[in-house]
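> Here it is, the structure, as structure tokens.
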Amino acid sequence: MWTQRNAVGNWLLVLTAVIGFITFIWIPQTSAECQTRSIYCYECDSWTDARCKDPFNYTALPRDQPPLMTCNGCCVKMVRHQRSPYEVVRRMCTSQLQINLFMVDHVCMMESSGNGHMCFCEEDMCNSSKNLHTNGCQLHLIPIAVAVSWLMGQLLSR
């Protein structure tokens with residue numbers, strides 16, 4: 001039986017689903033706009049420059065640190081042969097890679113063997129960090145995704 005209470009419930013369900021959908025569209029676009037600004041990234045390879053190794057001495061005087069370069073993308077830190085005598089650390093800008101990524105701030109990818117990783121970040125000199133971790137700015141999307149999925153399921157099952 002169709003009642004006014006059901007109509008209000010359906011209306012709220014649709015409104016919540018629409019707001020959730022708009023949130024998923026709007027948030028990535030605002031994040032992508034921030035990536036167009038220039039940032040500074042360290043540019044070095046520990047194979048040829050010991051200053052590039054971990055742990056990185058970010059408290060050293062600028063002249064004692066690896067060179068900085070202006071970057072119109074994201075900073076990258078790549079590690080090969082992690083935690084071994086052959087460990088190699090490379091810090092650079094994504095403009096030097098043949099890669100097209102969106103919203104990669106504080107994202108790390110592990111090598112399949114587990115002996116290396118590659119991390120991306122979007123703040124000045126952020127590739128000096130020994131460990132880049134997710135900063136939690138995108139974690140609020142998980143409950144929204146669950147709620148929107150549940151609401152869409154409820155809406156489609158009626």
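Every residue gets a Cβ built from N, Cα and C, even glycine.
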> Looking at the disulfide bonds in Swiss-Prot, identify which of Cys108, Cys121, Cys126 pairs up with Cys119.
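In Swiss-Prot, Cys119 forms its recorded disulfide with Cys108.
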> Pick from Cys41, Cys44: which cysteine does Swiss-Prot list as forming a disulfide with Cys52?
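So the cysteine paired with Cys52 in Swiss-Prot is Cys44.
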> Looking at Swiss-Prot, which of Cys71, Cys121 bridges to Cys93 via a disulfide?
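Checking Swiss-Prot: disulfide partner of Cys93 resolves to Cys71.
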> Please work out the number of neighbouring Cβ atoms within 10 Å of the Cβ of Cys41 (disulfide bond), leaving out its own Cβ.
31
> Of all the disulfide-bonded residues given, Cys71, Cys75, Cys126, which residue's CB has the most CB neighbours within 10 A?
Cys75
> For a three-state summary based on DSSP, what are the helix, strand and coil counts in the region 'Loop 1' (54-67)?
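With helix first, then strand, then coil, the region 'Loop 1' (54-67) has 3 helix, 0 strand, 11 coil.
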> If you draw a 10 Å sphere on the Cβ of Asn57 (N-linked glycosylation site), how many other Cβ atoms land inside?
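Summing over all protein chains shown, Asn57 (N-linked glycosylation site) has 13 other Cβ atoms within 10 Å.
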> Looking only at C-alpha atoms, tell me how far Cys126 (disulfide bond) is from Cys52 (disulfide bond), rounded to the nearest Å.
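Here the two Cα atoms are 13 Å apart.
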> How far is it from Cys71 (disulfide bond) to Cys108 (disulfide bond), counting Cα to Cα, in Å?
19
